[in-house]
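*Asks:* According to Swiss-Prot, the protein carries these features:
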type: BINDING; residues: HIS26, TYR39; note: 4-methylmuconolactone binding site
type: BINDING; residues: HIS26, TYR39; note: 3-methylmuconolactone binding site
type: ACT_SITE; residues: HIS26; note: active site, proton donor/acceptor
Amino acid sequence: MIRILYLLVKPESMSHEQFRKECVVHFQMSAGMPGLHKYEVRLVAGNPTDTHVPYLDVGRIDAIGECWFASEEQYQVYMESDIRKAWFEHGKYFIGQLKPFVTEELV
């Protein structure tokens, strides 16, 4: 399974409520996406600083998204999809910045 995690920051000019609505629209647009096994998006509700190890300040993060793909082949199907291209265009509207991470399953 390939999983890509995205830290998302809304545009400065967008309200929190509008960002929330666009996250829902983006989730709805993911239905039936070729090659995409699963998509999740979660709004950041808080940012605790009482950690048991040194705190890493990465700035404001408004949401976390995650895309799942069953295989490299399915990821390529996704990347070549015209539907995915339209999905990315929507992302340009409501995502001001993002930081992606391809994760490796450990256990």
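Cβ atoms here come from the backbone N, Cα and C positions, even for glycine.
As the structure is a computational prediction, the values presented were derived from the model and not from experiment.
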*Asks:* How many neighbouring Cβ atoms, not counting its own, are there within 10 Å of the Cβ of TYR39 (4-methylmuconolactone binding site)?
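*Replies:* That number is 16.
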*Asks:* Within 10 Å of the Cβ of HIS26 (4-methylmuconolactone binding site), how many other Cβ atoms can be counted across all chains shown?
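*Replies:* Cβ-Cβ neighbours of HIS26 (4-methylmuconolactone binding site) within 10 Å number 20.
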*Asks:* Quick one: what's DSSP say for TYR39 (4-methylmuconolactone binding site), helix, strand or coil?
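*Replies:* In three-state terms, TYR39 (4-methylmuconolactone binding site) counts as strand.
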